[in-house]
Amino acid sequence: MSARIFASESTYKFAVNKSERHWVRLHFYPSTYGDHAPNNSYFAVSTSDGVTLLKNFSAYITAKALTQAYILKEFSIPPASDGSISLTFTPSEDHNGSFAFVNGIEIISMPNIYSEPAELVGFSGQNVEVGGSALLTMYRLNVGGQYLPASNDSGLSRTWRKKGMTGDEFGGGGAGWLPLYGGNSRTSAGNSTISGKSCASSHLANLAAICRHFSFAEIKKATKNFDESLVIGVGGFGKVYKGTVDGGTKVAIKRSNPSSEQGVNEFQTEIEMLSKLRHRHLVSLIGFCEENGEMILVYDYMAHGTLREHLYKSNKPPLPWKQRLEICIGAARGLHYLHTGAKYTIIHRDVKTTNILLDEHWVAKVSDFGLSKTGPMVNQSHVSTMVKGSFGYLDPEYFRRQQLTEKSDVYSFGVVLFEALCARAALNPSLPREQVSLADWALQCQKRGVLADIIDPQLEGRIGRECMHKFAETAEMCLLDHGVDRPSMGNVLWNLEFALQLQESFESGKPISEEVADKAAAVGNGVGLAALSEMSEDTDGQSTVAVFSQLINPVGR
């Protein structure tokens, strides 16, 4: 997401038809831009006619209060006598180091429907002149008509709020537009409804400015009208197609199953989550389509598919052990970032080998955020929520108590580790009862000292003894009964990095340094923690020893 940053007063001037009113939409995505922190941004926006549209405005505070990642402000500006609209952005002088910013400006002509005095709602016989006033959108009203979705609106991607005809039904909120007087602007926040369902947390229309909005025609062209030969995956949400956009760029297109009510929630959650997150080991959302009742997500294409495809039930050649380790490390980095590197703790809730994708360079990327939840606040130990996830990977403590923490992801990842080692499904009902669950069976074998008997036969003799010990120990710790006893994803990441170092030592015949061994022992004893949620961004191409030297700060960056 790009932005224009203003450290001092700056003005944009746009040539317009001087006989028409105009919609002006300002897009704000409060984020860190270079050295500019979003909480330091306070500013005013005014027009050349002396109307202040925003004053001492903080997009960061406003977005946080509305629990939105992105906000926009929309105004109706009266006809401009000189044929131009000027917008001046002025950083607040009341805050040291303050700056102004904007992510996008839209100016669209509109009918001059405010030439006559407007009657005040709820005040019979009282009118107000609005023809020369600048107006701020409070909310859209659908008075007595049918539901009008944003996709069928005038192109401004807004949803009408269904209301009755009488003034008292407006709840004192006034009409759809609010005049701006003098140097002040007023804002209002509230819930809106779509077909009777609350959508206070759904901001799909706003998100069109954060990630690309594809038309349904573009999607049909990209998938050759949803050609079944292009299907590369099928899940509870729907089918995933391989497609091309923009003259040849390969993408993965996930089309929802219209009959899945859960799919609607997952669709919204995935857009909201991925629009806020950027990391080397998280799949990137390119855009979405919400037309004709369709819910479609467009992602970067992952050339090598899912991790599971390379472990079992496929004709693909088996992955070398070192490559499996590197893939597990990449996925751990992505999860560690979710738990510690984002603004809020994010719990994935559906960690499994089909949700770990591999790009053309075999870089692992965590995907499918439809079930993700924001984690507990600082003064909370857990989030109480309905149990969701995939059987075979589901944290038994979460299942019993319906109390979700990031340690539920750790449990699921432990199953993934054993899957990578044993190359078998998390659940296999065709096996004897004690072997059906991979987690239970692997733990039994680990405790009896016979884990080597159930590993992938393709790996026999190819895993260093010390590497095997560290890897199995890490997976075992992830599967402990009580979440509080499990390691953090940071510790898991550190131990996997060390296991990789041990494997490299085994393959090269060169012993690891005492310094690295001592640090690993300290972490294993709980003295240190893994860190650096974005290690992948800073350490590519460095030796593992160099990576270890950076693992000091226990907080994700």
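The chain as shown is numbered from 1 upward.
The backbone N, Cα and C atoms fix where each Cβ goes, glycine too.
Across the domain 'Protein kinase' (226-499), the model assigns an average pLDDT of 90. Annotation comment: TrEMBL describes 226-499 as domain 'Protein kinase'.
Secondary structure at LYS254 (ATP binding site), as computed by DSSP, is strand. What TrEMBL lists as ATP binding site is LYS254.
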Which number gives the other C-beta atoms within 10 angstroms of the C-beta of LYS254 (ATP binding site), all protein chains shown included?
25
